[in-house]
């Protein structure tokens, strides 16, 4: 199993300031790992609004079922996340474990179980013993504090090689608000799942419906625009919580996502989500290259995104980048298999600043040595102009290396 | 580059008998390779009917364009296949090379260019110099013979590790007819494409329309039910030619695919296609395990096939098999991501004869040691019962190994 920190990791965990209305503590509940924290209890001030986006899997985990049911209330008082066991494909016992966890957390925080949100990541198909949370969550509630934010980022890791956090400021009605986010990504060991979890917090006073609208929009160009290996977890969870504490400092309460005063907030939210999404890709199993795929000139933005995903998911494109091979033939192949409108003879393809193909054939000025030099870099940009319309999209992925196969193909026994 | 023969290869190339009305010769035209044959000229008797199925890529190669245009005639007198250059993404020069090749072959065989079918496999994006076929095809036409069939199977290889052939007999109206097939598959080196080519020949007197109907049906459960890495070539070509020579031996001419006298022929055709399709998977890059994925109990056969493809294309499932890991959690994940109707709590999963999960949770009788022993075998059967309906489908794939990454990620320069 590879345990070295990804070569694409940021230099350090960023400084995340406190968010008024958010306190937390982590603990070692012994769910699966030894000698590390594996549970996070996060307290949210009364009046906190919640928004969420969950996995599209038709076989979601028990905590995802729970969150989907609790979300329409739009009210959150607590969040419990554990690593080591995903509580996925665990049948009725899974649903019971979720209920017991929410009951324990609600008692510890003095709220209703339906105001508790839950996420689990780790081994699939193993019953989760929620009684282990008994004393632990009480104790966490007692010592919950405003920082440091690296602790929750660490507690939710499975085999991520580094903790992931991001922060941004915005003003609403002239008052500064903060957005903090943490995430865990696609590091995994058999038989764990590459569950993506991310939790975003703000002190801005924004109503749940507006939060949800902004989150659903922002996720399209961030977490829903990344792919490590095209596989979808049973447990993917992204949530955004707004404590509203900034209202006490004069920040106006906003209820509509279309409110112009949210322009800066929307931008800051986009920044935090994209930053975290990129960090997840950069910690993809065995990742050695960070790849941006831009498709323009498609018949629509949806079509552009499908083509970009087809390129980013192609094992042949990903292995070519791993081998620093400017293999634009495989990019043509991936455009062709996307099933979207494309005209071979109008295609143009760039690797970074170098146009390698144009009008459906190799660029006359193509110089293999120059392009090969570019492919040796860590950040690779692939751009395709379909030449049919104005549809544009960008997605991000990592390369497919022997280390990916090693990490995911190691004998369990 | 891995050059060892796949451990999944059949022991030997089968004995393919002559097919009346089919003669051929191979030659070394020096398209790209040195010291091996790289072009096949195949002569077909007057009156030969043709059927074909081509890549679904939106960026098909020039030869695929040519064949699609020639096919409605339903008449074939010759087939030219070259390896070393796919003549794909070559713009106008590609179309010109195709026309020149057909002209040269038609002259050599004394027929119309529109009666010549073409296929190319190899490097993409490089102009194909068709003038090289000039003397070569004339010379091939002069020495065309009825065998041995291993020669055309070899001439169309790119980095396949073994030549692929299959044969079967059937009777039509009490007269025995023969079906021979050859194929090349998914072995490749950068920057070649994993083009799948297969050509089937019979002496049965069957009309083109009936041939096409049978081929289109049979391909669904054979070549369209295999996947190596989910990537689709620009050049995939499957053709079926019927010389009708058996009519001279008293075989009745059949014009309708629904004719009951074709029952045995249909079965024999299915056998040959499935055999060749399996051989292609078993020569997938880096393949160490041959995996059958059966999905039953889906809401429809189409739904079952989508779920089966989702499992067979999942890098996490394929790396798990590479590691002999009975990781049914990843099978659940792949069912969930297929987007087809599925109820987590009704799922049951088997590895070979061993049921590992039932009613949405681990099987109570699951014994890891027993299942792990099964996973060490070369042939792995994964079966999933969705528990919702009667839809059933089966697909085949190979595992994802470090060798796959090595073969496809080697530096070009």
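Cβ coordinates are placed from backbone N, Cα and C, and glycine is handled just like the others.
Automated prediction, rather than curation, is the source of TrEMBL annotations.
If you look up TrEMBL, you'll see B:195 marked as active site, nucleophile. The Cβ of residue B:195 (active site, nucleophile) lies under 8 Å from the Cβ of B:86, B:121, B:122, B:158, B:184, B:233, B:234, B:235, B:236, B:237, each on the same chain and at least six residues away in sequence.
Residues or ranges marked as substrate binding site by TrEMBL: B:158, B:184, B:195, B:285, B:408, B:413. Residue B:184 (substrate binding site) carries a strand DSSP state (E or B). The Cβ of residue B:184 (substrate binding site) has 29 neighbouring Cβ atoms from other residues within 10 Å, across all protein chains displayed.
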Quiz item: In terms of DSSP three-state secondary structure, what is the assignment for residue B:158 (substrate binding site)?
Solution: coil
Quiz item: CB neighbours of residue B:285 (substrate binding site) within 10 A?
Solution: 28
Self-check item: Near-A candidates in B:184, B:195, B:285, B:408, the recorded positions, by Cβ under 8 Å
Solution: B:408
Exercise. Pick the one among the binding-site residues B:158, B:408 whose Cβ has the fewest other Cβ atoms within 10 Å in this structure.
Key: B:158
